[in-house]
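In what follows, a single structure is set out as structure tokens and then discussed.
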Amino acid sequence: MLPAVFVILALSAVQGLEETLMDTKWTTSELAWVAYPDSGWEEVSGYDEASNPIRTYQVCNVRDSNQNNWLRTQFIPRQDVQRVYVELKFTVRDCNSLPNLRGSCKETFNFFYYESDSDSASADSPFWMENPYIKVDTIAPDESFSRRDSGRVNTKIRSFGPISRAGFYLAFQDLGACVSLISVRVFFKKCPRTTAGFASFPETITGAEPTSLVIAPGTCVPNALEVSVPLKLYCNGDGDWMVPVGACTCAAGFEPAGKDTQCQACKRGTYKSKQGEGSCMPCPANSRAISSAATICSCQNGYYRADGESAETACTSVPSAPRQVISNVNETSVVLEWAEPGHLGGRDDVLYNVICKKCLERLCSRCDDNVQFWPRQLGVTQRLVSVSHLQAHTKYSFEIQAVNGVSGKSPHIPNYFTVNITTNQAAPSSVPMVQSHGSLANSLTLSWAPPESPNGIILDYEIKYYAKGHIGAGNTVTSQRTTVRMEGMTPDTVYVVQVRARTVAGYGAYSEPREFQTIAEDGDRSSLQEQVPMVVGSVTAGLIFIIAVVIIVIVCFSRKQRNDSESEYTEKLQQYMVPGMKLYIDPFTYEDPNEAVRDFAKEIDISCVKIEEVIGAGEFGEVCRGKLKQAGRREQFVAIKTLKAGYTEQQRRDFLGEASIMGQFDHPNIIRLEGVVTRSRPVMILTEFMENGALDSFLRMNDGQFTVIQLVGILRGIASGMKYLSEMNYVHRDLAARNILVNSNLVCKVSDFGLSRFLENSRSDPTYTSALGGKIPIRWTAPEAISYRKFTSASDVWSYGIVMWEVMSYGERPYWDMSNQDVINAIEQDYRLPPPMDCPSALHQLMLDCWLRDRNLRPKFSQIVSSLDKLIRNAASLKVTSPGQAGVSQQLLDRTVPDYTTFPTVSDWLEAIKMGQYQENFLSAGFTSFHLVAQMTAEDLLRIGVTLAGHQKKLLNSVQDMRLQMSQTLPVQV
């Protein structure tokens, strides 16, 4: 909108107009006004100061007392005027200059008017007196004249109103003066037609009072649109325009011209994409505008804009094919590497797709789903892909496509490079589980299924076995079938057995070790009839024992009377109490924490681990980035947590406890545990490496760079991970954006399980009561958890609502700079965080649902995932934003806009609004005072180097707040 002061200054040059209703100065014939009595006023001819003939009225009965001489004009039509102005030109004789006066000499006369709906006045009607005539004023001269002087003309202007009837008469009363009424001009004032700020305002008559303001509605000039409504100006009593309300700016495709009085079309080759005060701009690179008034420049042939790119963005093209493709075949896998295309299309978002085709003779078809790609098949960011699970001795053709953000706009398939390979002979895969088909004192009968991928003809199977605990004294036998009977075994002995297959390419991997036991020698000699009762009795006793154990466990759970030793076993049994659902087991219920680590975490040999650099510090020690290289697996980056030297046993237990927790989880949105190192120093926990680090800092570094759909996708991933945890009866207790990690593909994963605890399943709303004195992250924690230290999945839902707010505000601190106590007080008074800038209403409503005081009314994580899926499918619902509190039952906190006057310099102001990184940009460009900063536009920000859209929006909003504060504190000149 145009600033109000600017519009007023533009209008100040437009002078008010006067329109005459009657003027005796130009009358040359008789005026024929009515005089009473006949001996009073008389009409005479004379000359004005320019020697022009005029008709005047005069009276000079000063020698007679009790004078009451009246003069009335003809009927004057009102013409919709509410206030009338009368200009009187007259002369008055100085009474002292008249000799021998016997009467009462006056030097004034009275001025009246009378309203009427028609020209109905007569010589005796209305009565010649005040009321019905309405007195306007007593007219006194500024100067009178004597006999020696020439007549000195006085000019007086009087006004009266409001008048509402069809017309009026003017009347003059003489009470004994020597007066000459030279001319009478009757007129009214009006504000002239004007155009300013791309708006036209009609000619407007002033109001009924001198102080009246008459509203004149405005209309935008052609090709301009209203910025705010209503569009109007006020006409004051002097016929001057003032107090503009609303404004217009040129529409998209048009720019200002004629000193803001017209909008002209953009010329060919230029465009203007948005309504506003800006000028037309040359078309961006690789685009054109072939007609005038263009709002966007269309891309030239072969160039495109991606979805979401603005009209200001240059058009780009698809990349050329990848170059220098290298293939490295290893049996039934291949590693493909390539160099980037020679032409990237003017973009930096190049991705790669690897299309696999299996060729039989001359016919090639798409590979089946068994073929695996690492890291993935489509949308690969790095220039290396490993393809495995190919068939042996088979020809394959791989197309490596290069795509970017505009490839989907091109009608052509992406450019690609083709490489053909032939796989080698490979050894068979491992044998599935080995099973027992009979056990005697001196023999075992076993069977197994063939390998899933034989990769050729199976020649035979090798069976390796040894008595448990005597791995060095093993034996092997071979079999050409999938069964074997092994003789010469020791009675009542446990044997460990492994099987592997052999082809012409060699042996495959051994199966997983299985344990089988031969029976006692007496049992071997027993007859089948003797064994049946024993078997039946054993089975019956076993069933009774299992039922008894289950009943005991259920009773113990319901009464909560488990002791420490019982807890270890009953919690493990939970995995079997809920069909199809794996429940979390608290590692702190183990008497020996090392047993929990062995159960849930994989031990990794220290020789497989290489620490590269320290990237941070944790509660127990340093956090490092490193590499993990295990046999048969590709080298991978990992995050390594180390336990500092001089630790206590309790610290070691707590440190490894987090690994025991993570090892129980298997979900794409939960951080994955790779293993632990406990047999050497330092003790380590290895997890997958997340390239983009913590979510809060990642969002702050990429402020404004994601679409709403992408942000909702991030929220959906976090909710999916929390749904998985809640279904395992697991409470996180410390869910916050700082504890969400982001990988290179923007997949978010829940991490940091240091504060988490097991969630009991003995009632519908399980809780955990923390130890007194435990640290609680106030800004993310539900009120019941703060007050009573009770944590539930519902309190995790509250924390998830705060995470939603962090994501939509690009990592802003919840509750800003409020103290923890102020946060607690605000929540207790039912205040909730307002929607972040440009946050869709549906997302803020979901946040408010997560922050309901009654935890039983908060949504479950499964419901949150479902709600986010619906929003993603219906993207239109994400375009509705709610700037206010309409429809919101909770009160919303209001972050006060910092007053610029409290900051001594522009640099201090930038620091206060978290934009301190641009101090040098502002100062170098000359924006060193608040007066200059308040005039900045989006083009100015772009010119000084503020290129991030989110930062531009934040700065422009702060500049707008500064303008508002200036308008409220500085006087406006009218």
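Please read every residue number as a count from 1 along the shown chain.
Glycine is no exception: its Cβ is also placed from the backbone N, Cα and C atoms.
For the annotation N-linked glycosylation site, the record in Swiss-Prot points to N420 among the listed residues N420, N563. The recorded disulfide partner of C60, taken from Swiss-Prot and restricted to C178, C191, C220, is C178.
According to Swiss-Prot, I615, G616, A617, G618, E619, F620, G621, E622, V623 bind ATP; the candidate from K602, K629, K641 that the record adds to this site is K641.
Cβ proximity to the ATP site centre (mean Cβ of I615, G616, A617, G618, E619, F620, G621, E622, V623, K641, cutoff 8 Å) flags the following additional same-chain residues: C624, T642.
Here the C-alpha separation of C60 (disulfide bond) and A617 (ATP binding site) works out to 110 Å.
When the domain 'Fibronectin type-III 1' (318-426) is classified with DSSP, helix, strand and coil residues number 3 helix, 54 strand, 52 coil. Reported as a whole number, the C-alpha separation between D734 (active site, proton acceptor) and N420 (N-linked glycosylation site) equals 51 Å. There are 14 other Cβ atoms within 10 Å of the Cβ belonging to I615 (ATP binding site).
Comparing Cα positions, G621 (ATP binding site) lies closest to N330 out of the recorded positions C178, N330, N420. Residues near C178 (disulfide bond) in space but far in sequence (CB under 8 A, at least 6 apart, same chain), listed by position: V59, C60, V62, V92, R93, C95, L98, C105.
Between N420 (N-linked glycosylation site) and E619 (ATP binding site), the C-alpha separation comes to 52 Å. Residue counts for the domain 'Fibronectin type-III 2' (427-522) by DSSP state, with H, G and I taken as helix and E and B as strand, are 5 helix, 42 strand, 49 coil.
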